[in-house]
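**Q** Sharing a structure here in structure tokens format.
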Ligand SMILES: *[C@@H]1O[C@H](CO)[C@@H](O)[C@H](O)[C@H]1NC(C)=O
Ligand SMILES: *[C@@H]1O[C@H](CO)[C@@H](O)[C@H](O)[C@H]1NC(C)=O
């Protein structure tokens, strides 16, 4: 009897423990690990890692391993964007992808809360500091006449080699537009691919990853920033959802089959846990040493909640029945 009541007393504790460890903690990061909307690329020629971050003129960090030590190299667009728009000296949301022999860096020119935005691009064959050439506009832009905000770009190639740019934040949330064969200019009209009609929680920072017949659309949902000045109500801070489709343009659904465009669908991939708070600004890629890597920025409650304290996080993805988890 005593044994059974002991066991019964133990059960709630065991359940709590399971809940608390639903997510793996972020992988190790040494050196300079400050992060905001990271973009990570492993250079194909020698396996060296490059990490690009939001703010200023898009900083470049470099490391011999994903775990670091990360060392700052300098700004990718040192003179600011040639796109003549407010925000051209404070560029956001880099997305770096390899297209042919070039690496293309997509960046955002905008200002906080404004729909006067544009997505620009720069190219390099090595990603090194000093090697980037800014080419300015991709043609993906917005003002108050649009149903979207042209920020937070992410390029994806479908299995036939056609390029698409995912983007968007607030307003109509996540959009997609077909690109030219070089991936450098839009060649069509943008259409919505994910939308949350409830509350004021916006979707942004989309990222798409292809694996085994499915296009996985991830997005950050909630309040991104300024946690040290105004802490969001519990659960309204940044978190990451995932949806999938067999087509690059959707329709995207979550694990329960709910539409991510018309039914507020989305399966949680990352939310606050333990001391890890407000994770988002994510990306995913296939790493030749680690497998599928999911990466993001987050606030560490033991360090501080200010944007200046955000850290780079990453985890190896587990795939179960065609859905990612960490
Ligand atoms: C940039 O835009 C501003 C404001 O619209 C304008 O006054 C200025 O002449 C423009 N500069 C260039 C180089 O086009
Ligand atoms: C949609 O917004 C609601 C209310 O803000 C939020 O609770 C929910 O998590 C959001 N869902 C997604 C998939 O973004």
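Heads up, the Cβ atoms here are built off N, Cα and C, so glycines get one too.
Curation plays no part in TrEMBL annotations; they are all automatic predictions.
Small disclaimer: the values here were computed from a predicted structure and weren't measured.
Straight out of TrEMBL:
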- 37: active site, proton acceptor (ACT_SITE)
- 204: active site, proton donor (ACT_SITE)
- 1-22: signal peptide (SIGNAL)
**Q** What whole-number Å value do you get for the CA-CA distance of the residue listed as 'active site, proton donor' and residue 37 (active site, proton acceptor)?
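**A** Distance (Cα to Cα, whole Å): 11 Å.
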**Q** Can you give me the same-chain residues 6 or more apart in sequence from residue 37 (active site, proton acceptor) with a CB-CB distance under 8 Å?
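**A** Listed in sequence order, they are 53, 54, 92, 93, 94, 152, 205, 281, 297.
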**Q** By a simple count, how many Cβ atoms lie within 10 Å of the Cβ of the residue listed as 'active site, proton donor', its own Cβ left out?
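**A** For the residue listed as 'active site, proton donor', the count of other Cβ atoms within 10 Å is 23.
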